[in-house]
Ligand code: SAM
């Protein structure tokens with residue numbers, strides 16, 4: 001038995017026959033010390049409803065509950081894992097809801113309902129095959145500040161590097177700008193492949209994203225996305241060429257934003273992109 005009186009994760013995986021399915025991006029964590037560290041890094045759990053994607057056998061779910069999460073709402077696509085989660089529900093009566101579904105399709109707000117005076121935080125060891133798509137779903141939330149207070153997420157290290165990348169680096173791109181233009185994105189720590197069953201080929205990392213208020217000059221998200229996609233779509237080209245795909249002459253826009261027409265996408269800071277996007281709004 002472990003600290004929460006439930007069987008060790010390896011036993012759960014064996015007894016429920018949870019052979020990992022690659023198609024569902026299944027790499028399970030088994031060390032409750034590690035998942036405890038992830039849970040504690042997510043902020044004030046006792047004041048939060050946690051939304052978890054892919055609870056699997058439950059290593060992170062258990063750590064969230066053990067560390068005082070007020071309530072956990074989880075969406076899992078694999079029915080076998082939902083069976084395994086019933087043990088956890090019994091150990092924490094009324095604090096865990098597990099929904100069978102596809103996290104890409106669900107309306108999270110509807111699932112969670114009214115959180116009352118609690119914050120909503122998203123904490124998840126994301127399936128690598130839909131991790132980036134889910135992040136984009138959350139970062140492009142219609143209202144800002146969004147419905148969640150923070151995202152604490154496990155990604156493959158390469159994706160984590162792209163999220164927090166700074167200008168001038170190879171990893172800097174569309175995801176970096178999208179994650180940083182109205183939120184703070186930080187990498188918290190790496191998680192080695194050996195922490196998972198089965199071990200993936202690459203190192204993973206935990207990233208935390210905390211939305212902040214939009215400023216009066218924060219650009220329209222769709223316009224920013226179009227500008228950033230055009231710029232990084234042909235990242236080796238100068239902006240005077242790559243931005244032509246937006247259908248208007250880029251030179252006056254670049255000049256108005258005070259950006260050299262010969263610059264390339266990766267040289268622009270997030271603020272530069274925001275300023276440029278504002279000029280594409282008109
Ligand atoms: N949270 C567990 C852990 O840390 O050990 C499992 C993490 S595993 C990387 C990803 C989990 O997401 C798996 O349990 C998988 O079945 C589930 N999953 C995959 N695609 C999903 C989707 N579209 N919606 C909901 N869950 C999904």
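Just so you know, the numbers here start at 1 and follow the chain as drawn.
Using the three backbone atoms N, Cα and C, a Cβ is placed for every residue, glycine included.
Note: TrEMBL annotation is automatic and uncurated.
Sequence annotations record features per position, and here TrEMBL assigns S-adenosyl-L-methionine binding site to 27, 29, 54, 76, 102, 125. Residue 125 (S-adenosyl-L-methionine binding site) carries a strand DSSP state (E or B).
Here the domain 'Ribosomal RNA adenine methylase transferase N-terminal' (34-213) has a mean pLDDT of 97 out of 100. As annotated by TrEMBL, domain 'Ribosomal RNA adenine methylase transferase N-terminal' applies to 34-213.
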According to DSSP, collapsed to three classes, what secondary structure does residue 54 (S-adenosyl-L-methionine binding site) have?
coil
Can you count the other CB atoms that lie within 10 A of the CB of residue 54 (S-adenosyl-L-methionine binding site)?
24
Looking only at 76, 102, which of these binding-site residues has the biggest number of Cβ atoms within 10 Å around its Cβ?
76
Local Cβ density at residue 29 (S-adenosyl-L-methionine binding site) - other Cβ atoms counted within 10 Å:
22
